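Here the structure comes first, spelled out in C-alpha cells, and everything after it is commentary.
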Amino acid sequence: MSQITLPAFHMPFQSAGCHPGLAETREAAWEWAAAEGLDLSVPARRKMIRTRPELWISLIFPQATQAHLDLFCQWLFWAFLVDDEFDDGPAGRDPLMCERAIARLVDVFDGAAPNGPMERALAGLRDRTCRGRSPQWNRQFRRDTAAWLWTYYAEAVERAAGQVPSRAEFAKHRRDSVAMQPFLCLHEITAGIDLPDSARSLPAYIALRNAVTDHSGLCNDICSFEKEAALGYEHNAVRLIQRDRGSTLQEAVDEAGIQLARIAERVQRAERELIEEIEAAGIDGPTRTALERCVRDYRGLVRGDFDYHARAERYTRPDLVELDERDSLSRHFAA
C-alpha cells in the first residue's frame with residue numbers, strides 16, 4: 001500500500017498518442033533478448049515485464065517506423081537490464097566490480113571485441129544504430145551513452161564512502177543518469193534529421209534538451225521513490241529534499257511536484273528562446289526545419305514519458321519489490 005499521495009501534476013503538453021505497433025515491438029524485444037543470450041533470472045524477468053519498455057518507447061515515438069521502434073525498444077530493454085544490475089544488484093555495491101564492468105561496456109561501444117551476452121548485445125545495437133550516421137551525431141550519442149554508464153560508478157563509489165550528494169550536485173548528475181539524452185539522439189533517426197554542431201551549440205537548444213531531460217529525471221524520482229526507498233537507494237531527488245528540509249515524505253513529494261511544474265515551464269521557455277535564436281542567427285533550410293521538428297516532438301516526448309510513469313507497474317506497484325532476491329538480478333556483471 002502506498003504511503004504517499006501523488007500531487008496533481010501540471011502537464012501543459014498534449015499526448016501525441018501511442019504507437020500501434022506496441023505489441024509487435026514487445027514480442028520483438030523478448031525474441032531479441034533470447035537470441036542475444038540475455039538469460040534473465042526469474043525475478044529479473046518479472047521486473048522487466050512490470051517495466052514494459054515497449055510502452056515507454058511507443059509513447060515516446062508514436063510515429064516511428066516499426067523497424068525503428070523495435071531497435072529503440074531493444075536499446076531500452078538493454079538499458080533497463082543495466083539499470084537493474086547496478087541499482088539493485090551486487091555490481092552496484094562494489095566499486096571495483098562496477099568500474100570494471102562499466103569500462104568494458106564503454107570500450108565495447110568504442111569498438112573493442114565484446115565478451116559475454118551484455119557486451120555482444122551492446123555491440124550489435126551500436127552497429128545497427130550508428131551505421132550511416134554523421135560524425136557529429138555519433139559524437140553526441142557516444143558522449144551521452146558513456147556519460148550515462150559512468151553515473152553508475154559514481155553512485156557505487158558514493159554508496160561505499162557513505163556519501164550523499166547535495167541537491168545541486170544530484171541535479172547535474174541526474175541529467176546524465178536518467179539516460180534520456182541518448183534517446184534524444186535516437187529521436188533524430190526516426191525524425192529523419194541530423195543536427196549540425198552549430199545547432200547543437202545553440203544555448204536555447206541546450207537548455208531545451210536539459211529541461212526535457214530534467215523533467216524525465218524528476219518524474220522518475222517521484223514515481224520510483226517508494227521502490228527505491230525499500231532498497232535503501234539514496235540517489236533520488238525526493239529523498240534528498242526530505243533529508244535537506246527535514247520534511248515528511250508527503251511534503252517532499254509535494255515539493256518535488258512543484259519543481260516538476262517549474263521544469264515544464266523551462267521547456268516552454270526554451271522553446272520560445274530557441275525560435276528567437278533561430279531568427280537571430282539567420283538559420284534556415286534543413287537546419288531550421290530540424291530544430292523546429294525538435295521543438296514540436298520534444299513536447300510529445302515529455303508527455304509520453306510522463307504518461308508512462310503513471311502506467312507501468314515498475315512505478316505504480318512499489319509493493320512488488322523483491323527484497324530477498326536482489327542478488328539474483330546480477331548475472332552479467334557480478335560473476
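Glycine residues also receive a Cβ, built from the backbone N, Cα and C atoms like all the rest.
Checking the ranges 130-138, 220-228, 265-273 against Swiss-Prot, the motif 'NSE/DTE motif' annotation falls on 220-228.
Range 83-87 is the one annotated as motif 'DDXXD motif', of 83-87, 163-167, 328-332 (source: Swiss-Prot). Calculated from their C-alpha atoms, the gap between Glu228 (Mg(2+) 3 binding site) and Asp87 (Mg(2+) 2 binding site) amounts to 9 Å.
Taking the mean position of the Cβ atoms of Asn220, Ser224, Glu228 as the Mg(2+) 3 site, the remaining residues of that chain whose Cβ falls within 8 Å of it are Asp221, Ile222, Cys223, Phe225, Lys227, Tyr233, Asn236, Tyr315. Distance between Cα atoms for Asn220 (Mg(2+) 3 binding site) and Asp83 (Mg(2+) 2 binding site): 13 Å, as a whole number. Neighbour counts of Cβ atoms within 10 Å were compared across the binding-site residues Asp83, Asp87, Glu228; the minimum falls on Asp83.
Local packing around the binding-site residues Asn220, Ser224 was summarised as the count of other Cβ atoms within 10 Å of each Cβ; on this measure the leading residue is Asn220.
Here the C-alpha separation of Ser224 (Mg(2+) 3 binding site) and Asp87 (Mg(2+) 2 binding site) works out to 12 Å.
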